[in-house]
Each structure stands twice: as C-alpha cells, then as structure tokens.
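Single-structure report; data block below.
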Amino acid sequence: MEQVAVKFADGSARRYPRGTTLAALAAETGRRDILAARVDGAPRDLAAPLERDAAVEWLTFGDPAGREIYWHSTAHLLAQAVRELFPQAKLAIGPPIEDGFYYDFDIGRPFTPEDLEAIEARMRELAKRDEPIERIAVRRNDAVRAFQSGGETYKAELLEGISDDPVSFYRQDGFQDMCRGPHLPSTGWIKAVKLLSTSGAYWRGDEHREMLQRIYGISFPTQEALDAYLARLEEAKRRDHRKLGRELQLFASVEEVGQGLPLWLPRGATVRRVLERYIIDLEEGLGYHHVHTPDLANTQLYKISGHWDHYRENMYPPMKVDNEELVLRPMNCPHHIMIYKNRQHSYRDLPVRIAELGNMYRYERSGVLSGLARVRGMTLNDAHIFCRPDQLTDEFMSVVRLIQRVYEDLGFRDYWYRVSLRDPADRAKFVHNDAMWDLAEHKLREAMTALGLRFVEARGEASFYGPKLDVQVPNVMGKDETISTVQIDFYLPERFGLEYIGEDSQPHRPVMIHRGVISTLERMMAFLIELYAGAFPLWLAPEQVRVLPIADRHLAYARRVQETLRGAGIRAGVDAGSERTGHKIREAQLMKVPYMLVVGNREEEQETVAVRSRGAGDEGAAPLAAFTDRLVREIASRR
Ligand code: TSB
Ligand code: ZN
C-alpha cells in the first residue's frame with residue numbers, strides 16, 4: 001500500500017498508509033485534548049485523510065488557532081439551537097472572535113434575556129448528545145436550491161460571493177451550515193457555554209441593509225475555565241477605566257469635541273500633573289533636556305523623515321495656509337532632530353538627550369479607539385537620544401533601567417519584553433535597507449543580552465525606521481499593550497544628514513534612540529486606573545485627604561486643617577456640605593480618597609484630627625502636626 005511521510009511538530013517522523021485520517025494519528029498519541037490539526041500550516045478537521053507527505057501539528061484549546069475552531073463550532077451549535085427554538089429564524093454569519101464567537105440572525109425582533117437562557121439551555125442539551133460534526137461537499141446548484149426553498153436569503157447572498165463548486169457544509173444532528181471549517185469532531189467537545197449579550201447588527205455592517213440580531217457567547221472545555229473567565233470579566237467591568245473615569249470625574253469623552261479626543265477633568269489632570277512632574281524630575285536628573293515644540297509642522301518635514309511614505313495612513317490630512325502646507329504631527333522625532341541640528345555638536349557633547357511631553361495626533365480607526373487607552377490626540381513622554389555608535393549600548397541599557405525604576409514606583413509587576421522586528425517582505429511599512437536593519441537588530445539583541453533580560457521576538461512590529469524593544473503590560477483581561485518603547489534608529493540621522501565632529505575633527509553620523517517611558521499620559525492613565533481599580537496610591541491620588549467637619553461650626557477648623565496640609569504640599573479637600581458625617585464618609589469612600597479626617601469639638605480643642613483611612617478604616621485621633629509629617633513621608637515613599 002502506498003505510504004505518506006508525516007513529520008510532527010516535536011521533530012518525530014512516521015509513515016502511514018495514504019488515506020489514514022488525522023484522527024487515527026491523534027489516537028496514537030493517547031492524548032484527549034487534540035481537537036484539530038494544522039497540516040502544512042493549514043488547519044484541518046481530524047476526520048480529514050492524509051493524501052500526501054505532510055507536516056502535522058496538533059491543535060488544542062490552548063492554541064489560538066485551536067480556540068478559534070472551538071468557538072467556531074460553538075457558533076454553529078448556537079445557530080442549531082436558535083433554529084430549533086425559532087424555526088422561522090434566518091441565519092446570517094457566525095464567526096469566532098478574539099474572545100468567543102457571535103452569530104447574526106434575522107428573527108424580526110430583538111432576543112430577550114429569557115430567549116438567551118432558553119437558547120443556552122438548548123445548546124447544552126445538544127452538546128450532551130455528542131453528535132458527530134461532519135464535513136460534506138454540496139454541489140453549488142443544490143446549495144442554491146436549498147437556500148431558495150428554505151428562504152435563506154443571507155446564505156444565498158454569501159454563496160454568491162464564493163466561487164467554490166462543490167461548496168463545503170458542516171452537518172451535525174440534521175442541522176447544517178455552509179462553512180469552510182474546520183470544526184471539532186463532535187458537539188460533545190463543548191462542555192461549558194455562556195451567552196453573554198445581544199445587540200443589533202446591520203447585515204454586512206451596512207446601515208442601509210437589514211438589521212439583524214447578534215448573539216455573543218463564549219465556551220470552554222471545562223466549567224472551571226468558564227467560571228474563571230466570567231469572574232475575570234466581572235472584575236474587568238469593575239475596573240474598566242472608562243466607567244471609573246466617569247465615576248471618579250477623571251476624564252470625559254464628548255461627541256462635540258471628537259472621537260479619541262478626551263477631556264481631562266480637574267481630578268484626572270491632577271494625577272496627570274503628578275506623573276508629569278515625576279518623570280520630568282527623574283529625566284532632568286539623568287541629563288535629559290526638556291524642550292517645547294509645536295504640534296504642527298510643514299508637510300515637507302515628514303517627507304524628509306519618511307513618515308509621509310511609511311506612516312501617512314496614520315496621519316491627519318494636510319491643511320493649507322498662505323504658502324505653507326501643514327500637518328498635525330504624528331510623532332515628535334523630526335522636531336527634536338531640528339533642535340539637534342540647531343547647533344554644532346562635538347563628540348564630547350554626546351549623548352544629547354532631548355525630551356518633551358510632546359503632543360501628537362494619529363488617525364486611529366474608530367473601531368480601535370478605547371477610552372484613554374487608544375486615542376487620537378495624545379501626549380507622549382518622549383525623548384530622542386543622539387549618541388555616538390560606541391555609546392549606543394550603554395544608552396540603551398540606561399533607558400531600560402529607567403523603565404524598570406519607573407515601573408517599580410508605579411507598582412507594575414507583571415510585564416514582559418518584546419523585541420519588535422521588521423517584516424523584510426513588507427516594503428511599504430518598513431524602509432528598505434537590509435544592512436541597516438541587520439546592524440540595528442544586532443545592536444538591540446546585544447543590549448538585551450548585556451542586560452540579561454529574556455524577551456520574545458515579534459516580526460512586523462518594528463517602527464518604519466528601526467527595530468524596538470517594547471515593554472508589554474497586561475491589562476485585567478490578560479491582553480497586553482505597549483507601555484514603554486526603546487527604538488534604535490540609523491535611518492533618520494541619515495535622512496536629516498545629522499553630524500557631530502569627531503576626535504579626528506571630521507564630521508560623523510550619530511545614532512538615535514527614540515524612547516517613551518511612561519507612554520502617552522493617556523494610555524498610562526488608563527492602565528493606572530485599571531491597575532488600582534481607581535484607588536490610586538497616596539502619591540498619585542487626586543485628592544489625598546478630605547476633611548469632614550461634623551457640624552457647620554467646625555468648618556473654620558476644617559479649613560485650618562486644610563491650609564496646614566496644603567502648606568505641606570498635600571492635596572486636601574473639605575466636605576462643607578450639611579449632610580451627616582456617615583454620609584460624608586461614604587461619599588469620600590466612593591471617590592476613593594485615601595484619608596478622611598473627621599473634625600469636631602474635641603479635635604478643634606486639642607488641635608487633632610480623627611483619622612480614617614481607605615484601607616484600614618478608623619485609625620483613631622492624631623495631632624495635626626504629627627499626621628501631616630506622617631503623610632509627607634508616606635507620599636515621598638511612593639508606597
Ligand atoms: C518613542 N517616535 C517614537 C517615540 O520617540 C514613537 O512615537 N513611538 S511609538 O509610535 O511606538 O509611540 C510611542 C508610544 O505611544 C507607544 O509605545 C504607546 O505606548 C503610545 N501610543 C501609541 N499610539 C497610541 C494611541 N493611539 N493612544 C495612546 N497611546 C498611544
Ligand atoms: Zn521618535
């Protein structure tokens with residue numbers, strides 16, 4: 001019998017009779033978690049037979065591609081349940097998404113919460129029956145006829161967009177759906193399901209077409225995994241910076257101003273100012289020079305820099321005034337380069353470190369905008385370091401140490417390093433110069449090795465001008481985003497003809513490091529709100545202390561306490577309202593104020609305050625002077 005050679009991902013290899021199914025190979029492993037396979041890179045059903053030599057890689061729920069299949073099959077199960085409960089429902093599309101899946105239906109009215117419960121219960125029943133999921137090939141004409149007689153107008157329209165003949169369908173338990181697959185071997189693989197929400201969705205995302213009803217859901221191989229996910233989801237909702245930003249009066253998003261252009265309210269602006277002062281002080285101590293440069297520049301500047309060729313789709317369109325054509329800057333580098341060029345530099349002056357809390361504007365697609373985490377108008381804790389090639393590694397290492405120091409102060413514990421490299425095939429996104437990229441990537445790896453840091457490499461994530469180290473910080477849902485970045489750039493110095501005069505009195509070309517430590521203040525704020533669930537540590541809290549007079553006659557003393565605290569640099573408020581003390585305490589707690597000082601007759605006579613802290617509750621009375629000293633120390637410690 002003819003044989004095919006199979007290579008497995010673990011390096012082993014074996015021969016099998018042609019036509020052996022992947023399921024038979026999977027069975028040999030004794031494993032029970034294999035739900036599908038990748039054959040020469042393409043995902044396949046386990047029922048598929050091996051027709052030729054191939055590389056086989058098993059897929060489980062642990063793999064992103066495996067989860068996709070798992071959730072896709074659950075979407076089919078959802079459609080089957082809806083079809084059974086609402087026989088008149090028309091099916092549209094049902095893909096897996098990043099977290100779970102959805103399916104769009106036309107049932108002529110929105111689904112109710114009771115509907116969802118019933119559908120979910122039916123899905124569980126169907127899964128219990130553990131029906132095999134089979135791929136079938138249907139002649140195109142038969143599919144067209146079936147859709148017509150079944151009134152499946154959406155499916156019919158989808159079919160028009162496909163040229164396959166035959167087309168593939170997946171069938172389980174009498175229910176079938178047109179689909180490329182692959183899918184799970186049987187419905188019994190789906191152990192725990194939750195339908196999460198519903199929403200209206202236009203057919204094909206087109207507001208002129210039919211309004212469909214979308215059901216979102218998620219599923220897992222165990223009830224424990226589902227429970228853990230739901231708990232995390234609850235926690236994420238509780239910490240959501242958009243919700244807390246509103247409740248704690250930190251920032252606002254206003255339609256009249258524009259999408260992705262948040263307004264910082266006084267309390268949020270206070271936290272921001274603390275961060276700004278903190279980072280500027282640190283940087284000045286490390287030899288950075290802070291500058292101010294405008295948010296606009298002549299388009300020409302970005303033609304020289306290469307932004308125009310490689311970054312234009314993220315830029316706002318140019319505007320004409322007089323004889324100039326201006327754009328909102330998407331990055332601050334060209335301005336800082338012009339500052340470097342403003343005077344001559346000798347090898348002795350280098351490194352020159354130019355820093356700015358620089359405003360930048362990027363056209364981010366509206367679908368990716370999210371509160372403060374991803375915006376269109378932002379301020380970056382930016383700096384550009386101009387150094388000699390022999391200084392590059394040291395400079396890079398000091399930036400990484402600065403990042404580590406800042407994370408320590410901010411309380412970031414969970415983070416990892418991503419070395420972001422170019423995709424050499426993508427000539428549109430990355431400037432083309434192999435030697436330059438090789439050198440920069442080599443330098444980057446060398447510095448990471450010198451630092452002794454472990455990192456993950458990511459192809460295609462570099463900047464257009466060079467590779468970078470991105471520091472990835474996970475949010476509550478475990479998704480990570482880039483906070484800090486350190487980028488090595490041999491390109492812009494070339495484009496702008498940058499020079500320094502060397503020891504040999506000859507002009508030489510400096511290297512640039514672009515770096516952001518606390519990211520944009522917007523993204524940092526989003527992270528801090530979620531990390532602390534709005535309860536900022538004392539040094540960052542917008543209102544560090546609130547003084548609560550018991551009655552109106554204690555207001556004067558409350559004001560004196562406030563003055564004393566303010567005099568020591570502490571941000572203190574007074575609740576001058578006429579409500580009872582219990583109510584005032586609850587209000588201060590809702591706003592997550594770290595310390596409440598209740599003052600009445602006794603406190604006034606003895607020049608004391610009754611201390612309540614956010615964490616420990618009632619802490620008893622303390623002399624005002626002693627409490628003030630304690631707080632000043634606690635703030636300085638950034639605990
Ligand atoms: C570091 N030229 C460099 C700079 O010198 C630069 O702009 N790098 S960047 O493009 O990677 O952006 C720097 C940081 O800004 C990112 O690491 C990220 O933390 C933050 N950032 C980028 N886009 C957004 C956005 N749309 N909203 C909020 N923060 C953003
Ligand atoms: Zn830059």
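Positions of Cβ are set from backbone N, Cα and C atoms, glycine also.
Not measured: the values here are computed from a predicted model.
The Zn(2+) site recorded in TrEMBL includes Cys333, His384, and the single candidate from His208, His241, His508, His514 that the record places there is His514. DSSP places the residues of the domain 'TGS' (1-60) in helix, strand and coil in these numbers: 7 helix, 26 strand, 27 coil.
Listed binding-site residues: His384, His514; maximum Cβ neighbour count within 10 Å falls on His384. Across the domain 'Aminoacyl-transfer RNA synthetases class-II family profile' (269-537), the model assigns an average pLDDT of 95. Taken residue by residue with DSSP, Cys333 (Zn(2+) binding site) is part of a helix.
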